[in-house]
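Visitor: Before anything else, here's the structure in question.
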Amino acid sequence: MLARDSLVQAGLPDNPYARQLRNGFRWLRFEKELENEFREFLSWNSLMQRRAAIGVAFLIWALFIVADWMMVDIRLHPSLFEQLLGVRLGMIGLLLVVWPAAFLPSLRKVGDAIAPYCLLLINLAVLACDVLFEWHGVPRFTQLGATLGILAVFFPLGLAFWACVRLALLCLALNLAVFLLFGGEENLRTNLLNTLYNGLVVLICSFALYLQDYAQREQFLGRRLLGMMAEQDSLTGLVNRRYYELLAQRALEQGAREEKGVALILVDVDDFKAYNDHYGHPAGDAALRQLGVVLRQGARRPLDIAAWAGRSSPCCSTTARRATPWPSPSACGRRWRR
């Protein structure tokens, strides 16, 4: 991973990734379009973690059932065991329902949408078990259920930093409310102490997640920026010849499949060498940069334009398909000349 400072000092071109690196992201928020792109990147990267989380969750809830069977006296408290079993099996059923969203890439966006609600339901189920113990007057054999639920919120499931923090604080508040309502005065001190410990867990996990999210965002911008620099001409900001050849090949193949035409325009700047020799290379470079701006403004997409030759005789090419309304090549040429 490249450090942000080294990238910023490297004379970056003007593009959204470079601007975001220069501006920083201390509050872990990008500009709107970049933020959406980062969330998409995060969603794809979290698929394996979601699958692992489903398996771990199955194991934990199954172990809770075993623990209930071993620690709760079924002869004295049969209804408590049945109610606990109902909650545990209900959560296992929920995991079975959401399982496809974690294992099928086509349901990835569904997984993004339901992940926070599943985490909230897990924490509510843990609190429901605590309430059942208090309701039946049976001491809980563990105080770690709420802590495990809060830790689950910080598992890398594709949630952004602030979403995790808000969800963890909500779970902590619900935990405190349940203790105050159902814990009884004799357990007040213990319950408040457990809430304090859980608050420290939220604080420590939030700090660790902040560092992870910051590094992940920095890595995302660095990779996107390096990829763009490898595909773009550094002077004009247009895609370079090598990358454009790939795009043109794809356009030709798509045109052949869909039986649609593909137009190619070559743009050359008249007397550019004389202009460059007379006014100097800085003025020539400025003219080429302005040419890149004009061509991008006239293109259907920025990737439709490419820098083809050197500074003395720059050429650009454009592809077009009939599927999208697009001016004729002659109309494009007239507009660019103006």
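From the backbone N, Cα and C atoms, a Cβ is placed for every residue, glycine too.
Quick paste from TrEMBL:
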DOMAIN    260-338  domain 'GGDEF'
REGION    319-338  region 'Disordered'
TRANSMEM  52-72  transmembrane segment
TRANSMEM  84-102  transmembrane segment
TRANSMEM  114-135  transmembrane segment
TRANSMEM  141-162  transmembrane segment
TRANSMEM  167-184  transmembrane segment
TRANSMEM  196-215  transmembrane segment
Visitor: Short question: most Cβ pairs under 8 Å with the transmembrane segment (52-72), which of 114-135, 141-162, 167-184, 196-215?
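Guide: Answer is 141-162, with the largest number of Cβ pairs below 8 Å.
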Visitor: Could you pull the average pLDDT for the domain 'GGDEF' (260-338)?
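Guide: On average, pLDDT over the domain 'GGDEF' (260-338) sits at 63.
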